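Heads up, the thing below is written out as structure tokens.
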Amino acid sequence: MAQKEGGRTVPCCSRPKVAALTAGTLLLLTAIGAASWAIVAVLLRSDQEPLYPVQVSSADARLMVFDKTEGTWRLLCSSRSNARVAGLSCVEMGFLRALTHSELDVRTAGANGTSGFFCVDEGRLPHTQRLLEVISVCDCPRGRFLATICQDCGRRKLPVDRIVGGRDTSLGRWPWQVSLRYDGAHLCGGSLLSGDWVLTAAHCFPERNRVLSRWRVFAGAVAQASPHGLQLAVQAVVYHGGYLPFRDPNSEENSNDIALVHLSSPLPLTEYIQPVCLPAAGQALVDGKICTVTGWGNTQYYGQQAGVLQEARVPIISNDVCNGADFYGNQIKPKMFCAGYPEGGIDACQGDSGGPFVCEDSISRTPRWRLCGIVSWGTGCALAQKPGVYTKVSDFREWIFQAIKTHSEASGMVTQL
């Protein structure tokens with residue numbers, strides 16, 4: 001993940017060969033099957049996990065919104081803005097986009113546990129990122145309501161066993177993980193947001209690595225030498241214009257370490273290739289929560305790359321602790337976070353950069369994996385009181401959606417503030 005050179009902590013890609021996870025106890029969460037609803041809400045359930053009040057039924061794709069005042073779920077009255085409302089709702093829940101939308105009639109489809117309707121203020125709709133800000137209770141005389149299907153994400157398509165100990169991960173366990181290769185060598189990790197967009201770290205693309213024809217994205221395999229993985233060319237790289245080391249090579253500021261890779265053509269989604277979810281709007285990190293980081297990086301600080309994808313479970317550390325004098329001494333900025341163990345021993349390392357830090361949650365009734373962090377930097381690998389540092393993805397939701405919207409036809413290296 002990072003090197004310490006001349007007293008300065010720098011991203012792992014400052015060296016030509018980089019790759020996955022520090023050796024140590026490796027664990028895997030069990031896969032969870034599909035359930036009836038995709039839910040995100042600001043309610044509290046028995047596990048005290050914050051939820052956001054928007055649901056999409058897997059039965060008939062009806063969109064439902066929770067009425068906090070009445071304690072009931074309401075349908076969303078159909079309008080001329082159905083396409084925009086569907087897109088906004090899916091994005092708010094952490095999906096990349098709405099795939100389709102339609103109208104249903106409550107007289108034929110039934111209320112199915114809902115009570116009444118919300119209507120959208122279409123005049124205010126273009127100026128908000130949150131559905132709750134532009135809806136109010138209404139009668140909806142026609143009784144027609146909105147249904148939508150969001151791009152699926154954050155779910156495995158194969159049953160997987162629980163792994164305890166230091167074994168390699170298995171095919172289909174982390175289907176959003178990709179390898180970014182330059183001249184055929186693994187350089188960084190990345191996470192699929194869709195068939196043609198990958199989220200990774202900006203520092204993977206210094207000046208010396210900007211010939212896009214030499215980049216390939218490798219997906220659908222856990223072994224670097226696998227003949228069964230798919231390799232696709234890169235059309236464009238969109239990096240954050242606020243990543244200071246690209247403007248000043250002497251800068252030690254690692255904020256805004258985020259980039260999007262647009263593939264030349266979409267990857268086919270299979271059991272081994274699937275997108276990960278983004279955090280829902282307003283979803284906060286939970287200090288102490290144990291999540292998973294994956295990659296092909298070095299298994300020791302001065303070790304070799306891992307030939308097979310590795311995984312490690314590490315807890316999120318509060319920024320107050322990580323900014324302490326014994327840790328990183330105020331180097332952790334608001335759009336970063338730390339994860340690891342104070343005693344060290346399990347961490348991301350060189351070559352994991354840009355790869356996923358994912359957390360499973362139940363903010364939808366179908367548990368999903370969300371991309372909460374991007375492997376960014378650190379001091380050494382698995383050192384005591386020097387945990388891995390990650391880009392906080394929740395703080396870049398708007399940047400991600402705007403970059404995809406703006407640069408879908410771009411080619412080459414592109415910057416986006």
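Cβ coordinates come from backbone N, Cα and C, glycine included.
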Tell me, from C188, C204, C277, C291, which cysteine Swiss-Prot puts in a disulphide with C359.
C291
Cysteine of C90, C140 paired with C77 via disulfide, per Swiss-Prot:
C140
With reference to Swiss-Prot, which of the candidate residues C322, C372 participates in the disulphide bond with C338?
C322
Per Swiss-Prot, cysteine bonded by disulfide to C349 (from C372, C381):
C381
Three-class DSSP secondary structure - C338 (disulfide bond):
strand
Hey, how far is C188 (disulfide bond) from C322 (disulfide bond), Cα to Cα, in Å?
25
Go ahead and report the DSSP secondary structure tallies for the domain 'SRCR' (54-151): helix first, then strand, then coil.
22 helix, 39 strand, 37 coil
Taking the Cβ of each of the disulfide-bonded residues and counting other Cβ atoms inside 10 Å, which one has the highest number: C119, C349?
C349
If you count the other Cβ atoms within 10 Å of each Cβ, which of the disulfide-bonded residues C77, C90, C188 comes out on top?
C188
Tell me which of the disulfide-bonded residues C204, C338, C359 sits in the most Cβ-dense spot, judged by other Cβ atoms within 10 Å.
C204
Would you kindly give the Cα-Cα distance separating C381 (disulfide bond) and C322 (disulfide bond), rounded to the nearest Å?
16
